[in-house]
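A.B. asks: Let me begin by handing over the structure; questions about it come next.
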Amino acid sequence: MLKNYFKIAWRNLLRNKAYSAINIAGLATGISACILIFFYVKHELTYEQQFDKYDRIYRVVTDINLEGQQDKFARSPAPLAAAMQKDYPAIEKVARLLPLNKQTVWLEDKAYNEEGLFFADSTFFDIFSYEFLVGNPRTALQIARTVVISDRLAEKYFDSVDNAMGQVLQFSNNAYVVTGVFKDDHHSHIEANMFLSERTLKYSYADSANYTWFPMAWFTYILLPESAQESSIQQELDHLYNQKVAPWLEKYEVSARLRFSLQPISAIHLTSDRTYDISPAGNKSYVYIFSFVAVFILLIACINYMNLATARSSKRAREVGLRKVVGAHRAQLVWQFVGESVLITLMAILLAVASVEIMLPFFNALTGKDFTHASFTEPSFIGTLALIVLFVGLIAGSYPAFFLSKFKPAEVLKNDKNPRSNAFFRKGLVVVQFTISLILISGTLIVYRQMQFLKNSELGFQKEQLLVIEVPLGDSSLTNSLPKIKAKMLQQPNVEKVSTSVQIPGERTVRVLVQTQVKEQVVEKTMAAMFVDHDFIDLMGIKLLKGRNFSKNDPTDLKGAYLINEAAARDLGWKDPLGKKLAMGDYDSSTVVGVIKDFHYTSLHHKIEPLVIALSPTPPAYLLVRLKPNHLPLTLRKVEAIWKTFDPKHPMEYFFLDANFAKQYRSEEKMLTVFGYFAGLTILIACLGLFGLTSFTAEQRTKEIGIRKVLGSSVTDIVILLSKDFALLVLISIILACPVAWYSMHYWLKDFAYQLPIQWWVFVVAGVAALFIAMLTVSFQAAKAAWLNPVKALRSE
């Protein structure tokens, strides 16, 4: 019986080639989009799950309360791990990570600038089950000056993983022996290229802050037993704070109040909102959005099938009538039509998988992911395909099956069945299709406008034509040569200004504890801080509102002068900040000598917060060069030549500030691109269905068209006749889509502290575009029918 159903289904496909091609193409396009979105969503939702015990691994995070001001840090104090391990044996394992800034790694006479370096406790790999290609994870970091590197670095440095063991890498005035190579699958919040033994710190670094309860510098991870309750561990953390941390803070007169809490590592990527994290968090909203888009696209493809199947009901009516006459039951007919639907879906899936194979490199470039062909063999992917077959086969095939199987033999054999009896339902499905398409088109336009606003907004400083050179850390001779490098670069005719700084706009600032006296009361707050040189304010083009800039002629400015922004003055309640005293971190109380205009030192996701700027007592991380716009390639070569004169050992690593600042909107850029492609896909699928539906409508009204032409109707009259119903459906879709699109995008815009209002004309543009595309599709088929010779049209009846 089943074989017979599929045989009949195959014959029907061959008999109606155009109809079948439209159905298969529509479904294949929709399924292709769903498969790609499935890869993306699955990747985002399964961060950390490659680790064996991921569901028992937690990160200890810190909430800092200072004078009612709450800061949420991803980091915790250095002594916390040892205290937890000693006093709370219920905790199975504890390990810490300490991130390093970019380092220049030396391999014999070759230099490489590398990121993603961490000092790690020897127990780190007991918690995180990285796959070691060579080496023993249990012993790899037990000795000082040892390092475990990723397989990517092993192949980069030594041509193969097997050659890496025992090799020596040099950086930060230390030689590190490679004791292991791990496989990096880029699927964790810990974006690591190297793990260095924490024991090295005791011999090579004298940073006492790494071993005190304040400030926060480390990432602390714990592994809980299977029977442990998160709530009981939280109670133990509170007890530890009261017993050890609070007395220490009181002893050193730190007024901040801390609270440690647990964060599951599986929740970090999509839900973490903590500052000073290892890597930028993902966006859970985008996962939801693209999941809905996948469902919508598949729904539109299913609607196409349902519409075309029910529209062609008159073609199948006699077949149904004859089958019922010879004894076929309704259930048998239902299974036959569902079988046809499943067969078409299977063919569409084969075409979709082949399309995804071709599109995968492009999709990887679009999303920044690294999906491979191995994804096609994963059980979750195969299971998803099976669900798609069932979903599409049953949903798309169910209504046509039940609709066709209810025909009465007497009616259909006498040709009394009205082919337009299900027209209302078909029109409703068309409205649903175009409503979804219009929501996506409107959303794309709103995202595009917001992105243009972010890119072109006035930031309060000049980001264009600003070359940023990264200064390698730990090279004292280069640091001492920076004044000479600045002087040499300023001699170039196309170099306007040169400065140095520890932080730059668009990169992570530091947060410091500031103290001052307001109305005879000591006030403490945490603020962002930037450490710069005397030329920074002028080079950046930041406007000075009150007071003066840092002065090279006043040596006391190095430790005795601060600039603050307007937000800091407001936060401290100062109407006239000049001359006020401010203590920052471990520095003595200094004088506010100037107030600068608020500028966006972070992205427009965030409001401008209080900022303190001081002259840097430590070596800078960046050399900033303001260039003239003309002869840029030549000027770059001259700047690089000057750099090599003073530092032949390190390659000059540089970027432009405007491009680097724009990186903060990379996820939105990706969303805009992907959203735009999928919006285009929905319109394409909807128009495919509209094309088939118009063709069938014209075929049903062939006799009417012929009579109208004989009576004098023009081609234009016929086109209008066949198009007006569809135009009305698109107009209804516009009315339904506008409020849904407005609400959805209003919710998305809440992620930005600064946003463009949603303008009414966006929906007009989206509606006109959809109406134009739909009418173009309909008019093509309508004109084709209108040009038909009326004699042939009348004979066809």
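Positions of Cβ are set from backbone N, Cα and C atoms, glycine also.
TrEMBL lists these features:
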DOMAIN    20-239  domain 'MacB-like periplasmic core'
DOMAIN    292-408  domain 'ABC3 transporter permease C-terminal'
DOMAIN    463-599  domain 'MacB-like periplasmic core'
DOMAIN    678-790  domain 'ABC3 transporter permease C-terminal'
TRANSMEM  21-41  transmembrane segment
TRANSMEM  286-308  transmembrane segment
TRANSMEM  333-360  transmembrane segment
TRANSMEM  380-404  transmembrane segment
TRANSMEM  424-448  transmembrane segment
TRANSMEM  674-697  transmembrane segment
TRANSMEM  718-743  transmembrane segment
TRANSMEM  758-778  transmembrane segment
A.B. asks: Do we see three or more Cβ pairs under 8 Å linking the transmembrane segment (424-448) and the transmembrane segment (333-360), pairs being at least 6 apart in sequence?
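C.D. replies: These two segments do not touch.
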A.B. asks: Short question: most Cβ pairs under 8 Å with the transmembrane segment (286-308), which of 333-360, 674-697, 718-743, 758-778?
C.D. replies: 674-697
A.B. asks: Where DSSP helix means H, G or I and strand means E or B, what are the helix, strand and coil counts for the domain 'MacB-like periplasmic core' (463-599)?
C.D. replies: 30 helix, 53 strand, 54 coil
A.B. asks: Based on DSSP, tally up the residues of the domain 'ABC3 transporter permease C-terminal' (678-790) by helix, strand and coil.
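C.D. replies: Residue counts in helix, strand and coil order: 95 helix, 0 strand, 18 coil.
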A.B. asks: Any residues 6+ beyond the ends of the transmembrane segment (718-743) with a Cβ under 8 Å from its own?
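C.D. replies: Sequence-remote neighbours of the transmembrane segment (718-743) are 427, 430-431, 433-439, 442-443, 446, 690, 694, 697-698, 701, 705, 708-709, 758, 763, 766-767, 770-771, 774-775, 778-779, 781-783, 785-786.
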A.B. asks: Could you pull out which residues elsewhere in the chain have a CB under 8 Å from any CB of the transmembrane segment (674-697), counting only those six or more residues past its ends?
C.D. replies: 18-19, 22-23, 25-26, 29-30, 33, 37, 289-290, 293, 296-297, 300-301, 303-304, 307-308, 311-312, 366-367, 426, 430, 433-434, 436-437, 440-441, 443-444, 447-448, 722, 726, 770, 773-774, 777-778, 780-782
